[in-house]
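> Structure incoming, see below.
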Amino acid sequence: MIDSHIHLHLYDEVEARIEKWREYGVEKVVAVSSDLASSYRTLELKERFPDFILAGVGFHPEKPIPPRADIEEWKCLLHVERDNISCVGEIGLPHYELGTLPETLAHHAEVFKEYIAAARTYRLPVALHAVHDKAAVAYDILQEEAPRLPAHFHWLKAPTDVVKKMARAGYFISVTPEVCYRERDQRLAALIPDDQLLIETDGPWPFRGPFSGELTTPLLLKKVISFLAGQRKEERDSLRAQLAKNALRLYV
């Protein structure tokens, strides 16, 4: 199993956790970042666990736009650490916090374009946060700025027509443990082709339903795979292998 989107820098006792996750079948994780400090932290973890972590560096879009100095330092980090970086992420457009952020959506869109340009320069895929009505906006920006840039829309929530456009464009789309109990996510999962589907936890984000009160770790993905195999009428082991293959094709 490969967790295609996790905030590993937010976990404690990382070494012990990774050892346990490996014992239970987790092959790798795509560890994304939220700001400059977590980008450095993620790369530190990558150095400690090079075969387990696929590192992403970026700025979470639900936060204020970082200072110009941070963005420039981040670009330097991309240049220096390129061989240790698997993606630019997490980047995208704000939705949930847009009303409380000091900048406009247009301002965030311009910075998003700058991050995309950096990803294109270093030939890196992008791990995207763009949900609900912002998903279509992010899609349009990608098509305008870098139509061939590999992209992963993580934990996507979007109208059916937008999801279908993303699939036709070849983008990867992931579902979380929420797919096990939420009809909205189940409908979306059914739209994603087998070779573009990814699974993730967005850990340590907590989930409800059968996962209520449980710490979010990549081990939850076993139940996600079981659910998806039933939904898609596929063999569990075959689907698990396909999902891992998809993640490696995008991020390695």
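Every residue, even glycine, has its Cβ placed from backbone N, Cα and C.
Quick paste from TrEMBL:
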- His5, His7, Glu90, Asp202: divalent metal cation 1 binding site (BINDING)
- His129, His154: divalent metal cation 2 binding site (BINDING)
> Any idea which of the binding-site residues Glu90, Asp202 has the thinnest Cβ neighbourhood at 10 Å?
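Least crowded of the binding-site residues Glu90, Asp202, by Cβ count within 10 Å, is Asp202.
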> Counting Cβ atoms within 10 Å across all protein chains shown, which of the binding-site residues His5, His7, His154 comes out on top?
His5
> Using a 10 Å radius around its CB, how many other CB atoms surround His129 (divalent metal cation 2 binding site)?
27
> Do me a favour and check the Cα-Cα span between Glu90 (divalent metal cation 1 binding site) and His154 (divalent metal cation 2 binding site); whole Å is fine.
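With distance taken Cα to Cα, His154 (divalent metal cation 2 binding site) is 9 Å from Glu90 (divalent metal cation 1 binding site).
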> Using the alpha carbons only, what distance in Å do you get between Asp202 (divalent metal cation 1 binding site) and His154 (divalent metal cation 2 binding site) once rounded?
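Rounded to the nearest whole number, the Cα-Cα distance is 8 Å.
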